[in-house]
Amino acid sequence: MFETLILMLDATMRVSTPLIFAALAGLFSERAGIVDIGLEGKILGSAFAAAAAASVFGSAWIGLCFGIVASICLAMIHGFACITHRGDHIVSGVAINTIVAGLTVTLSMYWFGMGGQTPALVGDARFLDITFPFADAIASVPVIGPIYSNLLSGHNILVYLAFAMVPVTYWVIYKTRFGLRLRAVGENPHAVDTAGISVAFIRYRALIICGILCGLAGAYLSTAHNAGFLKDMSAGKGYMALAALIFGKWRPVPVLLACLLFGFLDAVAVRMQGVEIPGIGQVPVQAIEVLPYVLTVLLLAGFIGKAIGPKAIGRPYVKERA
Amino acid sequence: MPYAIELRDISKRFGAVQANKDICLQVPAGTIHGIIGENGAGKSTLMSIIYGFYEADTGHIEVDGKRVDIRSSQDAINAGIGMVHQHFMLVENFSVLENVILGAEGGAVLKNGIGAARLELQRLAHEYSLDIDVDAIVEELPVGLQQRVEILKALYRGARILILDEPTGVLTPQEADHLFRILKALKEQGVTVLLITHKLREIMASTDNVSVMRQGEMVAHRETVNTSTEDLAELMVGKKVRLTVHKDDAQPSDVLLSAKNLSQFDSQGVKRLKNVSLELRAGEILGIAGVSGNGQSELLNVLSGITPMDEGEIHFAGQVINAKAPKNAAQMRDLKMAHVPEDRHKMGLVTGFEAYEAAVLGYHNSPVYNGKILMNRKAMLDECNERMAAWDVRPPNPHLKTANFSGGNQQKIVIAREVEQNPEVLLIGQPTRGVDIGAIENIHEQIVKLRDSGKAILLVSVELDEIMALSDRIIVMFDGAVVGELDAKDADERTLGLMMANAFNEEEGVSA
Amino acid sequence: MKAVFLASVTALAISSSLAQAASEPAVVYDQAGKFDKSFNEGVYNGVKKYTAETGIQVREFEPKNEAQVEQGLRRLAKRGYSPIVTVGFNMTSAVEKVAKDFPEINFTIIDGVIDLPNVQSVVFKEHEGSFLVGALAAMASKTNTVSFVGGMDIPLIRKFACGYEQGVKYQSPNATVYQNMTGSTGAAFNDPTKGSELAKSQFSKGSDVVFAAAGGTGIGVYQAAKDEGKLAIGVDSNQNHVQPGTMLTSMVKRVDEAAFKTYADSAAGTWKPGLVVLGLAEDGVDWALDDNNANLITADMKAKMEDIRAKIISGDIKVHDYMSDNTCNY
Amino acid sequence: MSQAKVPAWVNVALIPLLNILLAFLVSGLVILAIGENPIEAAGYLIYGAFGYDEGIGYTLYYATNLIFTGLAVSVAFKGGLFNIGGEGQAYIGGLGVGLICLSLDHTMPLYVIAPLAVIGAAVFGAAWGYIPAYLQARRGSHIVITTIMFNFIASSLMVYLIVNWLKEDGRMAPNSRTFEENAWLPYLHELFSPLGINIGDSPLNLSFIWALLCCVFVWGLVWHTRWGYQLRTLGTNPTAARYAGIDTAKVTIWAMLISGGLAGFVGLNEIMGVNHNLLLNFTAGYGFAGIAVALMGRNNPIGIILAAILFGALYQGGAELAFELPTITPEIVVVIQGLVILFSGALEHMFKDRIEGFFIRRAVA
């Protein structure tokens with residue numbers, strides 16, 4: 001039982017990683033007042049760019065850079081539409097998701113001609129797992145052994161980075177000048193503007209950070225968790241991250257917990273397919289898969305707590321005319 | 001001696017509208033300078049230019065005799081200019097401290113800045129008697145204190161020139177008095193104050209000099225001691241103001257509507273309306289006086305059925321309406337209650353609609369405008385044409401989008417809609433807000449005419465002059481409750497002002 | 001610009017009417033595409049081989065959604081392409097419809113059964129091949145624990161699983177076999193992330209050889225095996241080259257042969273409609289041994305495999321077909 | 001302010017046209033980047049969409065779905081609601097159609113099944129729109145997020161139902177049995193051939209006519225009924241709606257019911273008209289494409305028909321294009337779609353303000 005739990009948690013860490021990156025990305029964006037349902041598109045775009053670059057240059061790090069750049073570009077389109085041209089955030093997000101879904105396949109067909117995939121990545125073109133010192137040595141020690149060598153050790157660097165990003169995000173959001181301004185801009189952009197700070201500049205910077213984090217999420221998918229890009233490989237992770245963001249009420253630590261919960265449910269669901277549980281029979285996997293969305297809806301409807309987002313979210317900032 | 005701030009030939013145009021034209025202004029250091037003008041005279045635009053919100057098309061600004069380029073609020077702050085906006089620029093769920101340091105954090109990491117800010121705020125509080133709990137969350141503070149946070153924000157940034165845009169609109173007269181004492185203290189410390197208002201009394205009471213704006217132009221400068229309310233009023237509107245309305249004495253008869261102990265809570269559970277009782281008789285105008293935000297809007301909304309009451313009941317047209325048996329706005333209209341809302345843009349009109357569509361808003365279910373399944377467009381258009389002619393709406397084009405009419409004509413469309421339904425009771429809020437002088441007279445006459453035809457009218461206005469001129473009876477509201485009632489003949493500004501601050505008996509007891 | 005445009009439109013109209021006259025072979029892959037490293041790629045290899053040997057181009061079409069399957073088939077049929085090889089049971093209903101409407105065009109469907117006078121249905125005895133690789137897995141396993149990752153949870157995939165399990169148990173009766181299916185929709189054939197997760201969880205339970213019958217999902221399974229130093233078994237095509245050193249073998253389903261044979265027979269005039277069942281005896285399924293996995297297969301293992309293979313063909317070993325009764329009781 | 005001075009055709013025709021041109025221009029650049037000639041590609045595309053009877057049929061068949069989802073998005077939008085859940089509502093609507101057909105096709109004739117299927121599609125689709133609407137109207141949760149979540153929930157639900165309940169034992173493909181022919185909506189080419197009119201074989205079926213009727217219905221409903229008046233009031237000014245005594249919660253819920261019902265009709269076309277069985281993923285993104293159609297069509301039924309035909313042509317022409325030039329995937333159409341959403345939706349102010357400004361200046365001068 002304990003073994004199984006460790007294995008499930010181990011899988012949870014791997015599955016949650018892109019969710020954590022993307023949900024933190026959404027946190028930066030939405031705390032600055034920009035609704036971002038384009039997380040999905042940015043993840044997918046980055047996954048493609050990272051895999052393509054990694055396969056061409058043979059380096060996962062170069063892939064990561066390309067992934068981040070691609071994701072930032074998409075974030076800037078979102079910014080251009082929502083910040084500069086006061087466009088509807090939702091529409092812009094839908095547009096980005098749609099464009100990326102089409103473009104990644106079109107481009108990968110052209111470059112690699114493999115039905116919308118990139119070539120499989122080998123060796124340095126992928127982020128490989130890191131084994132902690134003495135992991136093998138103490139693997140057999142009860143309790144601590146499995147926790148250390150199975151759960152904590154043996155992930156790739158992006159997994160650790162994702163978890164490290166949570167305290168970093170917390171610090172940036174609550175303890176720095178940028179964070180103060182970012183939160184203020186999401187609550188009352190007029191206050192920020194009259195304080196002599198450019199609302200647009202803060203929002204653009206928030207979106208750049210959002211782009212970087214989505215870039216990490218996408219690169220993780222294609223160059224760390226998997227070994228190559230696949231059509232539609234983000235498979236709704238952006239939306240699930242959005243759900244986690246809401247579920248975590250736009251705060252870094254609860255958001256992390258929400259991501260872990262959703263990741264855990266996913267890890268459970270994967271292993272439940274077609275499995276007969278003695279006495280119960282088959283548990284429909286779909287029921288587990290759907291839980292994150294159902295929970296988020298229940299939360300939004302106020303049946304379990306209340307999710308109150310940043311006040312100025314989704315509203316374009318226009319200087320009022322006298 | 002150089003002026004603290006000098007404006008030279010400032011002009012600003014928004015599309016076809018000339019908001020400011022060749023504005024010149026000289027403000028000596030350490031004085032309080034008033035700027036008055038009607039709504040839309042261009043005061044706020046001018047202040048926004050000084051504060052870097054807009055860039056002037058032509059002209060320039062000098063501070064302490066030196067020309068400064070103000071392209072952003074940051075430039076204004078650097079030039080020592082601070083501004084207290086009409087609508088506070090505060091982040092409501094931040095603490096006072098966070099609000100104050102926003103934009104002047106003193107380093108990339110907050111920790112150091114916060115410590116320094118704490119000390120500086122203590123000093124400011126001491127020096128100008130601006131006491132405040134720096135760790136309080138802003139949205140939990142009363143309005144007067146929120147304004148104080150705004151002033152502290154400006155001073156913390158080292159402002160030597162402080163602009164206040166309509167600072168007393170949301171304050172009780174007593175809170176306002178306190179504000180002016182603070183301004184005097186600031187002045188003594190050498191701060192220059194620019195006070196924008198359309199309230200002549202404030203200008204006369206507190207300023208050293210006053211400038212008058214009209215239709216985007218600066219039309220006069222006066223030393224306050226050498227001018228008078230009448231003089232300024234005339235300069236402001238350009239002709240003699242007629243503040244009285246010709247009307248005969250009221251002939252009140254039956255009680256048409258009575259409200260008993262009405263209470264209502266907002267979404268946060270705060271009681272906005274507190275046990276309000278009133279009676280409204282046929283053939284009278286009942287005025288509701290009060291500083292804006294003291295429950296008048298809630299009262300109108302509850303009476304008209306827009307929001308349900310939480311406690312109390314209304315007797316109207318033989319019906320008892322209470323929390324258990326509420327009636328919505330449509331049902332109240334069916335009982336012949338009409339309502340001209342306080343804000344026609346937010347409520348009274350759908351600006352994207354063509355005039356003939358907006359002219360049936362609220363009455364769209366009436367059989368007059370409907371066939372069996374579809375609406376009867378012809379009937380709507382015919383009626384709209386008739387009314388536009390009768391009420392002199394210009395241009396008389398029922399297909400024009402309502403957004404494209406001027407404020408006065410929009411208001412005429414709304415009032416015509418409500419009055420022409422021949423209601424028994426008319427609720428009317430801020431009937432002349434943003435309406436030009438000519439239309440004001442017209443609207444006032446129509447209200448009196450309706451009264452004389454035996455209808456009951458409940459008038460809500462923040463303009464004391466309007467209340468006093470139109471009402472037969474006046475009720476004063478403060479903090480959601482009725483704090484006094486008097487006959488219009490016995491009302492004067494001082495009495496009403498004290499009642500509005502709920503300080504009638506204790507003079508200045510409750511001022512913040 | 002306008003002129004160029006009009007010219008190209010006219011040219012198009014002409015070229016497409018010309019195409020009507022041709023009678024060339026064609027292939028319609030399923031939505032996983034011809035580079036799935038598995039089933040479709042197998043067919044693609046057959047197509048390549050045919051083109052290489054005869055110089056005749058085969059018209060290829062990769063539909064991207066359900067509607068395009070039928071539309072693409074119809075378009076090919078209308079232009080006179082024949083025979084048309086279609087890949088996968090997902091196309092059954094579309095092929096059925098179009099084949100009815102174009103009785104003069106010949107169709108071959110791989111992995112599906114359609115009873116029409118102009119359709120050849122090719123199905124495989126996957127259970128036999130799976131039995132073989134199951135036995136090999138049991139031989140190679142050091143932990144006496146092996147596992148299976150299926151794609152979509154359907155009878156066909158259960159057939160693989162069941163055959164595999166029988167093979168394992170034949171070789172090593174007390175061995176443990178873990179089984180997981182990836183999902184219950186077509187997406188389960190194209191989800192390497194889940195594949196790798198499933199494989200990893202099987203590895204942590206002790207499995208050291210995994211057989212993936214999961215299309216594109218298998219890529220993730222093989223990757224996981226490589227990352228963790230375990231062995232994996234490929235499916236459909238010879239996938240030994242995907243992760244050399246990790247791939248123990250591949251359960252080869254000669255879809256390439258099926259496609260090649262359709263074209264070749266058709267050219268020779270010997271193509272016949274009806275059901276074609278290909279098993280070990282017909283070389284329709286087999287295990288793959290090449291340079292990529294030669295190091296992993298000892299002479300002893302090879303000998304045992306040849307023995308089992310012969311016994312299945314001779315009928316000494318009866319391999320239960322899951323799809324015959326939808327159970328895996330053997 | 002001075003919209004009066006901007007000629008109507010600017011908003012109705014010029015701006016949408018510019019948006020679509022820009023989208024084509026960018027896609028042309030993409031095609032150029034992948035080494036094909038955009039003009040040649042456009043040739044194939046137009047030929048495929050309009051060049052022959054069958055192509056036109058396919059174009060209109062795709063357009064049918066897009067009319068339904070476009071109308072769905074626009075009705076909700078008129079009430080100020082962004083229904084991003086058309087995909088899920090269409091999916092569940094198809095379930096309604098499928099269940100009716102599966103349960104009645106052995107016993108009932110088409111003229112009984114068809115109206116029931118229409119009702120089934122509407123009721124199921126509406127039901128799926130109802131929950132988010134209810135939650136928005138009564139519990140204050142944001143409809144965009146809930147409808148997104150409901151798309152995922154619908155997708156899982158359908159997998160569960162089809163795989164576990166509706167799939168025949170032993171069948172491989174996850175779909176229900178094929179309906180008897182009396183539960184098939186007649187193809188238009190079948191209906192027309194007795195009249196001597198010969199249109200090419202295509203999946204175009206009776207639901208196209210139903211889609212056109214829905215346009216008329218929506219036009220009348222939104223612009224000419226009391227309910228429509230209330231809907232538009234709510235959509236442009238919710239405070240005014242409360243002032244006017246409009247039950248905003250009720251209008252919100254009804255708007256989403258109608259929106260969901262319209263989206264559900266995609267099921268009619270796909271399940272009963274074309275596939276003749278209940279299968280997975282038949283919605284194929286039409287729900288999202290409806291957003292582009294509604295934006296492009298300016299939320300106006302005529303505009304929606306035109307936009308739906310345009311996108312239908314892109315789908316069909318795109319398939320033709322991919323068939324003729326295998327280096328170009330049909331996904332290029334998805335790119336065009338996304339660009340249209342970007343230019344005519346998210347970046348609408350970029351052009352609109354400038355163009356209107358131009359006309360206003362001209363009018364002033």
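Placement of Cβ uses the backbone N, Cα and C atoms for every residue, glycine included.
Given the structure is predicted, the values throughout are model-derived calculations rather than measurements.
Positions annotated as transmembrane segment by TrEMBL: D:12-35 (among others). Here the transmembrane segment (D:12-35) has long-range neighbours at 41-42, 296-298, 303, 307, 310, 327-328, 332, 335-336, 339-340, 342-344, 348, 351-352, 355, meaning same-chain residues at least 6 beyond its ends whose C-beta is under 8 angstroms from one of its own.
The transmembrane segment annotation in TrEMBL covers D:55-77 (among others).
Tertiary neighbourhood of the transmembrane segment (D:89-106): same-chain residues 65, 68-69, 72, 83, 112-113, 116-117, 120-129, 151, 154-155, 157-158, 161, 166, 176-177, 179-180, 182-183, 259-261, 263-268, 270-272, 277-278, 282-283, 286-287, selected by CB-CB distance under 8 Å and a gap of 6+ residues from either end. According to TrEMBL, the transmembrane segment annotation covers D:89-106 (among others).
For the transmembrane segment (D:112-131), the residues of the chain that approach it from at least six positions outside its boundaries are 83, 85, 88-97, 99-101, 104-105, 146-147, 150, 154, 182-183, 185, 206, 210, 253, 256-265, 267-268, 272, judged by C-beta separation under 8 angstroms. Under the heading transmembrane segment, TrEMBL lists D:112-131 (among others).
TrEMBL lists D:143-163 (among others) with the feature transmembrane segment.
Per TrEMBL, transmembrane segment is recorded for D:204-223 (among others).
Marked as transmembrane segment by TrEMBL: D:251-272 (among others). Remote same-chain partners of the transmembrane segment (D:251-272), defined as residues 6 or more beyond its termini with a Cβ less than 8 Å from a stretch Cβ, comprise 61, 64-65, 68-69, 71-73, 75-76, 78-79, 81, 83, 85-87, 89-98, 101, 114, 117-118, 121-130, 132-134, 136-137, 143, 179, 183-185, 205, 207-208, 210-211, 214, 218, 221, 227, 230-231, 234, 241, 278-279, 282-283, 286-287, 290.
Summarising the annotation, TrEMBL assigns transmembrane segment to D:278-295 (among others).
Summarising the annotation, TrEMBL assigns transmembrane segment to D:302-322 (among others).
Look at TrEMBL and you will find D:328-347 (among others) tagged as transmembrane segment.
Counting Cβ pairs closer than 8 Å to the transmembrane segment (D:204-223), the top stretch among D:55-77, D:143-163, D:302-322 is D:55-77. Listed stretches D:55-77, D:143-163, D:278-295, D:302-322 were compared with the transmembrane segment (D:328-347); the greatest number of C-beta pairs under 8 angstroms is found for D:302-322.
Beyond its flanks by at least six residues, the transmembrane segment (D:143-163) meets 81-85, 87-89, 91-92, 95, 128-129, 131-133, 135-136, 174-176, 256, 278-280, 287 of its own chain at Cβ-Cβ distances under 8 Å. Long-range contacts of the transmembrane segment (D:55-77) within the same chain: residues 47-49, 83, 86, 89-90, 188-189, 199-205, 207-208, 211-212, 214-215, 218, 221-222, 231, 235, 255-256, 258-263, 265-266, 269-270, 273-274, 286-287, 289-291, 293-294, 297, 299-301, 304-305, 307-309, 311-313, 315-317, 319-320, each at least 6 residues beyond the stretch ends and with a Cβ under 8 Å from a Cβ of the stretch. Using a Cβ-Cβ cut-off under 8 Å and counting only residues 6 or more beyond its ends in the same chain, the transmembrane segment (D:302-322) has close neighbours at 12, 16, 20, 41, 44-50, 55, 58-64, 66-67, 70-71, 74, 212, 215, 219, 289, 292-294, 296, 328-330, 332-333, 336-337.
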